[in-house]
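Annotated features, as they stand in TrEMBL:
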- 14-23: compositional bias 'Acidic residues' (COMPBIAS)
- 34-46: compositional bias 'Polar residues' (COMPBIAS)
- 66-276: domain 'FAD dependent oxidoreductase' (DOMAIN)
- 1-60: region 'Disordered' (REGION)
Amino acid sequence: MYDGDTVVGSEGSVDGDEIGSEDDSVKRRASDPSLPSSNPTKSYWQDSPPFPHLDTSPDDTPARADVVIIGSGMTAAGVALSFLPLMASKGKAPVVFVAEARKICSGATARNAGHINIAPYRVENAKALKELGSVYPLAEVREFETVHLHHDREEFEKDKASLEDLRQKYPQYEVEVLGGNEVKTYANSPAWGAISHRAGSFRPVHFVTSIWDDLRGQCPNLRISINNPVEDITITTSSSHPYSVTFSRGTLQARHVVHATDSHATHLLPGLEPGLTGNLMHMLAQIPGAGFPKCEGTRSWTLRFGDNYYNVIQRPDMPYEDGKCGDC
Ligand SMILES: Cc1cc2nc3c(=O)[nH]c(=O)nc-3n(C[C@H](O)[C@H](O)[C@H](O)COP(=O)(O)OP(=O)(O)OC[C@H]3O[C@@H](n4cnc5c(N)ncnc54)[C@H](O)[C@@H]3O)c2cc1C
C-alpha cells in the first residue's frame, strides 16, 4: 500500500484491512482468519527481492514427503535451517515440501520493523542472529543501542523500579537509566526519562530468502511451492505417512506437518481458538526529515506513551541497491 512516499507493510488476520473500532477488532479476533489474501499489499522490504527465482516454482507435487512445512516466513525458515543441514551431515536427504500461499516470505516477516529487541532472556537469540548475519550479509544484521523514551512519568517510575529485579536476575545484562538533560543526547524529546540497552536490526526478507536460497542449493530434496495454499489436512490410516495434505495444486501424503502460518494458524487448526488470535499491526518506511538525528544506523528509539509505543529504526547511510539510504 503506497501513501505518498511512505511505504506501508501490515499483517494480521485480514491483510490490508482497516483498523476499525474496538468491537471490530474483537470480532476479527474471534473469527476464522481464513487463507491469506491472494492479493496482499506490498511491503517496503519486498521492494527489491534479492532472489526472484524463489518466486517461480515447479507445478508438480511429489506423491509423498517426509515433512510438509506450511508457510515460508521466519518460523518456516528457522525450522528448515534447524534440521536440514543436520540431516545432510548424517548423509540423509529427507523430502521436504514447503507450501506457501503467496510469494516467498510474504507474511508478517515481510511486513515487520526488523527490530531485534535484546531482552535479557533473548541475549542468546540475538547472538545466534548476529552469527547468521555474518553467513548471510544481505540480511544487514546490526547491533546497536536502543533508547526507550518515556513520556508518562508513572510508567517511567514503574519501569525503573522493575530494573532492580532484572539486574538481580540477569547481572550480565547492561541497562542504563537516563534522566533530565541526558535524554537530550538521544533525542530532542519532551520525555521524562529514558532507559537504554543493546538492541539490533536486520532486513527480514533478505535474511529469510538468503536462508531459503542457501538451503535450496544444499538440499536437492527441498521443494518450495509458492502461490499454493494448503486447504485441508486429514489423518489417514497410513502408519508411515499419516497426513493427507490438500493444496490448491494437488495432494500429498506426509510423515510430518509443520504449521508455520502465524496469524492464519487457526484456519487449519481451529482447536487452537480462542487461545491464539491474529493481531493487525503496521510498519511505515519514511525518508527522515532534515532535523532527524543522523546516527548512521547505530541507534533505535522507542517512544513510550503509557501502554502505547512506537519503534523507530534507522537504516545505515549506505548506498543499497534499492537506493533508500537512512530510511526509518
Ligand atoms: C507490522 C509488524 C511489525 C513487527 N515488528 C517486529 C519487530 O520489529 N521485531 C520482531 O521481532 N517482530 C516483529 N513483528 C512480529 C514478527 O514479524 C512475527 O512474529 C514473525 O514474522 C512471524 O513469522 P512467521 O514465519 O511465524 O509468520 P509469517 O511471516 O506471517 O509467515 C507465515 C506464512 O504462512 C503463509 N500461510 C498462512 N496460511 C497458509 C496456508 N494455509 N497455506 C500456505 N501458506 C500459508 C503466509 O502466507 C505467510 O507467508 C512485527 C509484526 C508486524 C505485523
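Here, residue 1 is simply the first one shown, and the rest follow in order.
Note: Cβ is positioned from N, Cα and C throughout, glycine not excepted.
Where the annotation comes from TrEMBL, it is an automatic prediction and has not been curated.
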If you average pLDDT over the domain 'FAD dependent oxidoreductase' (66-276), what do you get? 92
What DSSP reports for the compositional bias 'Polar residues' (34-46) is 3 helix, 0 strand, 10 coil
